[in-house]
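What TrEMBL annotates here:
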DOMAIN    35-306  domain 'G-protein coupled receptors family 1 profile'
TRANSMEM  20-42  transmembrane segment
TRANSMEM  54-74  transmembrane segment
TRANSMEM  94-115  transmembrane segment
TRANSMEM  136-156  transmembrane segment
TRANSMEM  184-207  transmembrane segment
TRANSMEM  242-263  transmembrane segment
TRANSMEM  286-306  transmembrane segment
Amino acid sequence: MLSSSDMNYTNYLDNLSSHLNHYLSIIILLFGTIGNLLNCLALSQRTLRTNPCAFLFLASSIANIITLISGVTVRLLASWSADLTDTNRWLCKFRIFILFSSRTIASWLIVLATCDRWISSSINIHRRQMSSLKNAQRSIIVIICLSCLIYVQIFYCYEANLTDAPLKCYGKTTWCRLLIDLEFIFINILISSLLMFFFSFMTILNVRHNVLRRIQFVPTNIMIPTATMKKHSQKLKKTEHYLLWMLFIQVILFILLSLPQAIQSLYTNITRFQVKSKLQNTTNNFLFNLFLLLTYVNNGIPFYIYTLSGGPIFRKALVHSIRDFIRMITCQRR
């Protein structure tokens with residue numbers, strides 16, 4: 001039997017969870033969707049889209065839009081009791097499949113981007129040649145196929161109209177929930193975070209090694225590059241530098257915003273068979289909703305990261321893309 005203070009606290013958490021689902025979902029959906037659409041416009045500019053890292057950012061932004069629509073929009077509708085996926089089993093299964101696949105695609109494309117920065121900063125010329133637009137496109141296709149295959153069991157495991165779960169559209173059995181939760185935690189959060197950290201660390205080592213190598217190496221009897229060649233080389237280096245900086249910040253924020261959900265989900269699965277009070281269940285559900293929304297922030301903030309840390313390269317591409325878009329919709333000529 002709950003005391004009056006515990007009852008008040010559970011009611012407070014339920015109300016707070018409801019407000020978070022409503023208001024924070026609106027903010028994430030609005031700013032996230034607009035930001036990712038602007039990302040697509042900017043990164044599709046010729047100056048950036050031929051760069052494999054920028055192309056991976058572009059593909060990740062598209063996956064982020066799908067994630068926000070299939071994830072945050074539905075949570076917003078649920079706060080108004082207008083979510084059809086809560087009651088329709090096939091809509092439930094299909095929506096969750098799209099959501100999990102797109103979130104995994106988005107995070108693993110960032111892993112590929114960190115890998116691309118690592119190989120492109122290598123002193124080994126054969127390794128640097130692996131950083132190409134064609135390889136980036138092939139990698140995207142592989143990631144999409146694998147992400148869809150990994151979550152195919154969702155069509156069996158997920159069911160609508162559940163009453164004994166954090167969400168009405170959820171895993172129908174304990175083992176289904178355990179399988180999908182652990183799969184998502186390890187594949188989408190823990191392994192991807194470790195690989196992002198590893199490739200970022202290796203890239204830093206490569207950059208430091210290249211700097212030391214340039215300092216120690218004194219060239220003799222070499223052709224002096226023309227002013228045009230110097231200008232082109234400096235422009236490429238600036239682009240690479242800003243892309244690297246954008247990537248590092250995104251990796252750090254991805255880890256910080258994703259780990260809380262991983263820890264909370266692991267705790268929930270470890271204590272799944274323990275008898276819990278209503279207060280404990282309410283607290284767990286509140287943390288589940290809060291940390292889940294934080295992971296959606298990951299899908300909504302890339303544009304703002306790129307704008308603040310991408311320097312003039314990204315901002316110029318953004319301005320040009322907006323101008324081109326305005327000309328296109330108003331049928332104006334250049």
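The backbone N, Cα and C atoms fix where each Cβ goes, and this holds for glycine too.
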The transmembrane segment (242-263) and the transmembrane segment (20-42) contact flag, 3+ Cβ pairs under 8 angstroms: no
What same-chain residues lie close to the transmembrane segment (286-306): Cβ under 8 Å, and 6 or more beyond its ends? 13-14, 16-17, 20-21, 24-25, 28-29, 31-36, 38-39, 42, 57, 60-61, 64, 67-68, 71-72, 75, 103, 106-107, 166, 246, 249-250, 253-254, 257-258, 260-261, 264-265, 268, 314
Go through 20-42, 54-74, 184-207 and flag the stretch with the largest number of C-beta pairs under 8 Å relative to the transmembrane segment (136-156). 54-74
Stretch among 54-74, 94-115, 184-207 sharing the most Cβ pairs under 8 Å with the transmembrane segment (20-42): 54-74
Given the model, what does the mean pLDDT over the domain 'G-protein coupled receptors family 1 profile' (35-306) come out as? 84
For the transmembrane segment (54-74), sequence-distant contacts whose Cβ falls under 8 Å of one of its Cβ atoms, 6 or more beyond its ends: 25, 28-29, 32-33, 36-37, 39-40, 43-44, 48, 83, 85, 95, 98-99, 102-103, 105-106, 109-110, 112-113, 116, 133, 136-137, 139-140, 243, 246, 293, 296, 299-300, 302-303, 306
Looking only at residues six or more beyond either end of the transmembrane segment (184-207), which have a C-beta under 8 A from one in the stretch? 100, 103-104, 107-108, 110-111, 114-115, 117-118, 121-123, 150, 244, 247-248, 251, 254-255, 258-259, 261-262, 265-266
